[in-house]
Amino acid sequence: RSVASSTNRRTAIRFADLKLRRYWLPLMIGIGLLMLQQLSGTNGVLFYASTIFQAAGISSSNAATCALGAVQVIATAVATWLVDKTGRRLLLLVSSSGMALSLLVVAVSFFVKDFVSDSSNVYSVMGILSVVGVVGMIVTFSLGMGPIPWIIMSEILPVKIKSLAGSVATLANWFASWVITMTAPLLLSWSNGGTFTFYMLMCAITVAFVAIWVPETKGKTLEEIQFSFR
């Protein structure tokens, strides 16, 4: 009984700690980044890439999807090299801004296609543009918003709450991933252009979130990072 009550006391203290600014702020940043990582729609784009390419008029949509996966691997490798040279915050800003611009291109392409004839040159050009936008979105995601939120979370969470906060942030990430994966086919059947507009707005919110809340952690010790939250 004494062991159980001691465990409960420790758990209560850890949850109570989350009310302190030096704990809730890094937790909010960690959860926010990991949720926005998924709400940008990347999983929806990847899981339904062949459908998107088909809608864009690409005949060999499966080959295009495989190529997209290869591009993502290469871009992630580049991000691993860049992250300690340029800094986490800068890469996140470049990544989320690039994603927003790429998704804007895709959304406009699909909207324009709805108003022109299938046999027109404009329709073909918009099809190519939409594919370029999807590839651009995946590349820019892999350069920052893919790997860096996990790095930031491991660096900004205090040791005292790291296991609890990490679990909560990971749960939030998987929940957002599930929501996007489940809603992507419904949204795409409603409107291709509308779907990518929604994802683009999420990326724009990510740019603002990073600019306002996310600190630069490159080259800083754990103590320096924690002190900045006091």
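Glycine residues also receive a Cβ, built from the backbone N, Cα and C atoms like all the rest.
Per TrEMBL, the features are as follows:
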type	residues	note
DOMAIN	1-218	domain 'Major facilitator superfamily (MFS) profile'
TRANSMEM	23-49	transmembrane segment
TRANSMEM	61-83	transmembrane segment
TRANSMEM	90-112	transmembrane segment
TRANSMEM	124-152	transmembrane segment
TRANSMEM	164-190	transmembrane segment
TRANSMEM	196-214	transmembrane segment
The transmembrane segment (124-152) versus listed stretches 23-49, 61-83, 90-112, 164-190: most Cβ pairs under 8 Å: 90-112
Interface-richest range of 23-49, 61-83, 196-214 toward the transmembrane segment (164-190), CB pairs under 8 Å: 23-49
Within the predicted model, mean pLDDT of the domain 'Major facilitator superfamily (MFS) profile' (1-218): 84
